[in-house]
Amino acid sequence: MAFQDFDKIQERVNAERKRKFRKRIILGVVSVLVVAAAIIGGAFAYVTYENKTQEQGKTTNNKSKDSPTKSESPSPKPPSSAAQTVKAGQVDKIIQTLCNSTLYKPTCQNTLKNETKKDTPQTDPRSLLKSAIVAVNDDLDQVFKRVLSLKTENKDDKDAIAQCKLLVDEAKEELGTSMKRINDSEVNNFAKIVPDLDSWLSAVMSYQETCVDGFEEGKLKTEIRKNFNSSQVLTSNSLAMIKSLDGYLSSVPKVKTRLLLEARSSAKETDHITSWLSNKERRMLKAVDVKALKPNATVAKDGSGNFTTINAALKAMPAKYQGRYTIYIKHGIYDESVIIDKKKPNVTMVGDGSQKTIVTGNKSHAKKIRTFLTATFVAQGEGFMAQSMGFRNTAGPEGHQAVAIRVQSDRSVFLNCRFEGYQDTLYAYTHRQYYRSCVIIGTVDFIFGDAAAIFQNCDIFIRKGLPGQKNTVTAQGRVDKFQTTGFVIHNCTVAPNEDLKPVKAQFKSYLGRPWKPHSRTVVMESTIEDVIDPVGWLRWQETDFAIDTLSYAEYKNDGPSGATAARVKWPGFRVLNKEEAMKFTVGPFLQGEWIQAIGSPVKLGLYDA
């Protein structure tokens with residue numbers, strides 16, 4: 001069956017209906033209370049704010065911890081809240097507040113002060129965040145000019161520089177998108193765009209790191225790393241400022257409409273995300289009914305469809321297509337390199353089964369191809385979905401780094417898919433990703449990257465690699481503590497593949513190792529078979545790298561290797577309590593209501609809740 005393992009949705013329909021009915025009743029009561037609270041709270045906030053403003057006018061400003069004074073400023077339109085405008089003299093205090101949470105305070109303060117001197121006095125605290133993002137953008141221009149000035153005749157280095165240019169362009173594009181989103185937002189609703197800003201700026205950090213990683217170890221790479229240091233510092237500061245600005249705006253009295261806006265915001269966000277999905281398309285996500293499926297294009301190797309290759313179907317997709325574009329891919333092995341670029345958002349690919357419709361390739365690092373470019377399949381366009389498909393890299397263990405799929409599509413979903421490879425099978429590169437009821441197979445670091453990705457109800461199989469090789473399920477690559485990225489393995493099974501079972505004693509296997517300084521991985525409510533060593537986690541190349549700064553955690557795992565008593569004693573490892581584990585569930589970690597809204601099965605919280 002094409003959809004043989006989809007969590008028995010029908011068994012949960014009645015329970016889901018009851019839950020939704022209860023939710024409607026609760027929301028109805030809450031709405032009445034919110035309206036009442038809005039009227040009372042709005043009046044109270046206004047009076048309190050007026051009194052507070054008068055009191056602040058009588059006090060001195062010699063304490064940095066004092067709240068900034070607010071006043072009316074000339075504006076083309078009335079401010080939407082008391083937080084909209086600030087006196088020019090208060091800008092320095094706000095800068096200090098926003099920069100206090102950063103890792104590089106002097107740089108943050110100098111950046112914002114220099115940027116504010118270039119323009120009219122800042123009348124909106126959000127302008128300071130935009131100034132920080134502009135600084136990253138400008139610095140990237142200068143950084144890449146310096147990179148281009150470096151002399152090299154080595155072909156690999158020249159290729160790495162070319163790749164770096166593409167990555168810098170992607171970073172600048174997402175910086176531009178971030179600034180536009182800030183411009184288009186209302187102050188009262190700034191909190192609603194925070195997850196997007198976090199995702200985009202986290203990706204900007206990843207792109208810069210990938211640029212450096214593209215060079216072989218040596219003098220040139222050291223020079224490249226040095227050049228990117230300034231832009232990475234500025235990116236880190238921008239990420240830190242998002243949270244502190246959100247906190248600052250939330251602490252300032254708002255007009256009474258805020259309560260009403262918040263009461264309606266969840267529904268509006270959901271409508272915005274799913275406006276391009278019809279009811280029929282949502283139903284399609286729950287079960288593949290080939291007869292009822294009416295795709296925009298059909299791919300079939302035997303010629304029974306519109307196209308015989310996936311790339312041909314993508315090439316025929318209309319430019320700037322509005323809505324979701326569905327491609328049905330009939331059973332067969334498709335030996336082609338596929339890239340769904342950023343100009344193709346909202347693409348859905350549906351196969352006949354994860355072991356029937358397979359995209360395959362064999363590019364590898366052993367063939368002198370950089371890891372980033374070895375992927376058989378690349379998903380970049382926002383909102384990509386794949387269902388009942390397989391993705392392979394057949395380079396084998398001798399190929400070393402050989403990626404089956406690289407995913408950087410924001411809000412991407414993979415349902416009942418299969419990912420097969422050895423080292424570096426699944427490159428969960430950037431942005432928010434959700435994998436449900438998938439099979440992932442590999443040896444070394446076979447789930448790696450710097451996305452915010454949750455793997456739920458998946459089977460993770462460790463296979464036999466090269467003699468003496470140690471297996472690691474994950475190698476998460478968070479560079480900076482303010483990135484909102486990390487891997488969560490939730491309600492999954494980690495077990496030996498069939499080829500490893502007879503010889504598993506000869507191959508030590510671990511849940512993960514730290515690829516980058518702030519690597520973050522959580523394994524919770526999962527079954528861990530005895531293939532995993534009791535210590536659980538592996539050092540990076542037998543060093544102490546990142547053991548103080550990483551964030552590895554477990555919660556209520558079972559199975560022969562689920563116990564944590566013998567786990568590593570690193571400062572960065574811990575066993576979570578229930579409240580802590582909740583932070584890494586789909587709801588808060590991926591803002592996962594968008595997954596539920598499109599009709600995909602998903603558990604937003606813990607299974608033991």
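Including glycine, each Cβ sits where the backbone N, Cα and C put it.
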Co-listed substrate-binding residue [Swiss-Prot; alongside Thr371, Arg513, Trp515] among Gln401, Gln483, Gln541: Gln401
Nearest-integer angstrom distance between the alpha carbons (Cα) of Gln401 (substrate binding site) and Asp445 (active site, nucleophile): 9
Distance from Asn346 (N-linked glycosylation site) back to Thr371 (substrate binding site), taken between C-alpha atoms, in Å: 26
Spatial neighbours, same chain, of Asn306 (N-linked glycosylation site) - Cβ under 8 Å, 6+ residues apart: Ala297, Thr298, Val299, Ala313, Ala316
Candidate with the highest Cβ count within 10 Å, taken from the recorded positions Asn100, Gln401: Gln401
All-chain count of other Cβ atoms within 10 Å of Asn362 (N-linked glycosylation site): 15
Cα separation, Asn346 (N-linked glycosylation site) to Trp515 (substrate binding site) (Å, whole number): 31
Cβ-centroid neighbours of substrate site Thr371, Gln401, Arg513, Trp515, 8 Å, sequence order: Gln423, Asp424, Val444, Asp445, Phe448, Ala475, Gly477
